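Enquirer: Take a look at what Swiss-Prot says about it:
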ACT_SITE  61  active site, proton donor
BINDING   8, 30, 59-68, 118, 178, 187, 207-208  substrate binding site
């Protein structure tokens with residue numbers, strides 16, 4: 001299991017300062033919408049300058065009509081990121097075209113499809129998709145695998161079921177990881193790193209428990225022990 005550190009701080013300088021503290025550790029730097037829109041592609045180069053071994057996870061959750069998505073994913077791949085997210089709800093046709101475009105490259109990022117955001121409660125998900133959360137997450141994951149993507153973004157609570165349905169080689173990335181499960185904030189379906197590993201998660205995403213800590217490096221070292 002691998003650790004992705006979410007770079008969601010208010011200022012670019014704060015994100016870079018955090019990475020300076022974590023230099024030399026085996027982790028992924030997750031760049032989301034806030035940081036990428038504010039700081040641009042140059043931010044990715046600044047991450048690499050701090051530690052060239054950091055892998056970069058560009059979490060943009062692309063969601064649009066097929067060719068627009070595919071073209072956007074191609075531009076992201078040109079930035080030499082190691083992982084990229086797309087929405088599974090964009091449908092099989094969009095994902096298939098996207099993967100055809102990326103598979104023509106010599107090197108491409110891992111493509112992870114978002115099934116159900118961890119901010120969804122069961123009730124909220126049902127009101128939007130008119131289906132039980134876990135059932136729909138598995139259904140979307142099956143479609144994603146048929147489209148050729150590498151894995152899905154899901155909560156810890158769907159990870160094992162997805163692995164059982166689609167095999168251990170189909171990757172699961174689980175956000176909503178907390179040191180204390182009572183600290184939900186804007187997440188609904190949270191778990192800790194040990195539970196993520198028990199449920200066969202390949203990647204975990206941790207943000208606030210790291211960057212709000214007095215000693216972020218110590219928190220990361222503890223998390224890496226559980227990975």
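Please read every residue number as a count from 1 along the shown chain.
Cβ from N, Cα, C; glycine included.
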Enquirer: In terms of DSSP three-state secondary structure, what is the assignment for residue 118 (substrate binding site)?
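Expert: Going by the DSSP assignment, residue 118 (substrate binding site) belongs to neither helix nor strand, so it counts as coil.
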Enquirer: Check the residue listed as 'active site, proton donor' against DSSP and tell me helix, strand or coil, would you?
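Expert: SS state of the residue listed as 'active site, proton donor' = strand.
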Enquirer: Excluding near sequence neighbours, so keeping only residues 6 or more apart in the same chain, what lies with its CB under 8 A of residue 66 (substrate binding site)?
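Expert: Residue 66 (substrate binding site) has long-range Cβ partners 90, 93, 94, 97, 98.
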Enquirer: Reduce the DSSP letter at residue 66 (substrate binding site) to three states and note it down.
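Expert: For residue 66 (substrate binding site) - judged by DSSP and reduced to three states - the answer is helix.
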Enquirer: For residue 61 (active site, proton donor), which residues of its chain lie six or more apart in sequence with Cβ-Cβ distance below 8 Å?
Expert: 33, 85, 86, 87, 114
Enquirer: What number of additional C-beta atoms lies within 10 angstroms of the C-beta atom of residue 60 (substrate binding site)?
Expert: 18
